[in-house]
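Asker: This is the structure I want to talk about, given as structure tokens.
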Amino acid sequence: MIWHVQNENFILDSTRIFMKAFHLLLFHGSFIFPECILIFGLILLLMIDSTSDQKDRPWFYFISSTSLVMSITALLFRWKEEPIISFSGNFQTNNFNEIFQFLILLCSTLCIPLSVEYIECTEMAITEFLLFVLTATLGGMFLCGANDLITIFVAPECFSLCSYLLSGYTKRDVRSNEATTKYLLMGGASSSILVHGFSWLYGSSGGEIELQEIVNGLINTQMYNSPGISIALISITVGIGFKLSPAPFHQWTPDVYEGSPTPVVAFLSVTSKVAASASATRIFDIPFYFSSNEWHLLLEILAILSMILGNLIAITQTSMKRMLAYSSIGQIGYVIIGIIVGDSNDGYASMITYMLFYISMNLGTFARIVSFGLRTGTDNIRDYAGLYTKDPFLALSSALCLLSLGGLPPLAGFFGKLHLFWCGWQAGLYFLVSIGLLTSVVSIYYYLKIIKLLMTGRNQEITPHVRNYRRSPLRSNNSIEWSMTVCVIASTIPGISMNPILAIAQDTLF
């Protein structure tokens, strides 16, 4: 009898929850229509996986890619609409958030073709991989539009949990298991510190959780200059620092980059930074409006440490993925300059433009690593010597992406850095910009060193890996080359047409 009563209560509670969720989607679903498309794609993937066999693998890629492209299309159709706050203040839709959501969707769309051949060669479970990628993308999109402390915590946890699972996807690889363990432990620790900072904000504002209401609460309680706000600022900076991975919060980055499957690293290297940058700008700009001098100083220290340590340590690396890990630490230092400048002097517009270029440069380089690694099984920089003699397209595309990452004209990376540094200079960040210029010169050195190896034709320097190198006959090879071609074009052509891209970003934001 008791069991029947409990069972009926469970059914009633479940029905109420379902009806409430349906009610929210019915009246607020139009505000998260791009996210709803991804949710529908996830459900469709699960249904097809449970009713089909392994011969339907192409359908999994098709559904994932189509849902991402449709989500991008839905996002573009509502471009330039009036800002809307929905879900009882938990979610905000505006042009600023939508730009970051577009960048995250673009990352995921380009990463799926990179993964096709890798998944087939390593015989990884395809459905779960794509589910984790789409769910992480969904978490990143919700983080971009999060408008209260609870959503800002839950959304990145959704992204992080999928990231942990993806980084340890090759369970038989010892390095992958080690990377996942470090990633999980440090991620859990950083999340607890982030929540600790949120608790101080919540208490100091008189129990408010919405970002703008927190500012009003701090004014009402006269706590905006209290020690509690300083504790909250430091704790939240540490928590967000783990997601952005600037120095000194970068310890997990090289190990995770080296141990995780290469397509996963490509995905995490861009999406995590885009989502964390969107969250950082909103948190620092709104609740900490009265502490702008303090958080500017904290971010300046992080940017300087990142640019110096990231680029100097990258010189000493022998693994291509570890080198790119330290390079990404240096790159996030440049992005932080845009966060510090903010609305004034086009700081956000230049930051978003540079991140768009960084996505293409970084993913183009990782496409090369995926392709070369599948043919040779190595990640050592020395083993790339003489690749031009065997695969000119791969070597030339790699060289263009690396030169763009280094910031050499007339490539996209040069104009992106130039405008970012110019905005910082106009804002009075002279020391920070000077460090950025010097470390950019340092980065050119180790990028050129790799390009020299790629282009060498001396037989004594060519390794057995390149001598035995052969192109794969797999049809899916075209997907990697397609992604690489798109990324190479995006890393070169926008450099010539920088002004229109920047004008679009400025017009959209302001």
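Glycine is no exception: its Cβ is also placed from the backbone N, Cα and C atoms.
Note that the structure is predicted; figures quoted are calculated from it, not measured.
Okay, these came from Swiss-Prot:
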type	residues	note
TRANSMEM	24-44	transmembrane segment
TRANSMEM	59-79	transmembrane segment
TRANSMEM	99-119	transmembrane segment
TRANSMEM	124-144	transmembrane segment
TRANSMEM	149-169	transmembrane segment
TRANSMEM	183-203	transmembrane segment
TRANSMEM	229-249	transmembrane segment
TRANSMEM	295-315	transmembrane segment
TRANSMEM	323-343	transmembrane segment
TRANSMEM	347-367	transmembrane segment
TRANSMEM	395-415	transmembrane segment
TRANSMEM	418-438	transmembrane segment
Asker: Residues of the same chain, at least six outside the transmembrane segment (124-144), with any C-beta under 8 angstroms of its C-beta?
Answerer: 34-35, 38-39, 41-42, 45-46, 49, 57, 60-61, 64, 67-68, 91, 97-98, 100-101, 104-105, 107-108, 111-112, 115, 118, 151-152, 154-160, 162-163, 165-166, 169-170, 261, 267, 271-272, 274-275, 278-279
Asker: Is the transmembrane segment (183-203) packed against any residues at least 6 beyond its ends, judged by a Cβ distance under 8 Å, and which are they?
Answerer: 149, 152-153, 156-157, 160, 163-164, 167, 209, 214, 228-229, 231-243, 249, 251-252, 255-256, 287
Asker: Which sequence-distant residues neighbour the transmembrane segment (59-79)? Criterion: at least 6 residues beyond either end, Cβ under 8 Å.
Answerer: 33-35, 37-38, 40-42, 44-45, 48-49, 52, 93, 95, 98, 101-102, 105-106, 108-109, 112-113, 116, 126-127, 130, 133-134, 137, 508
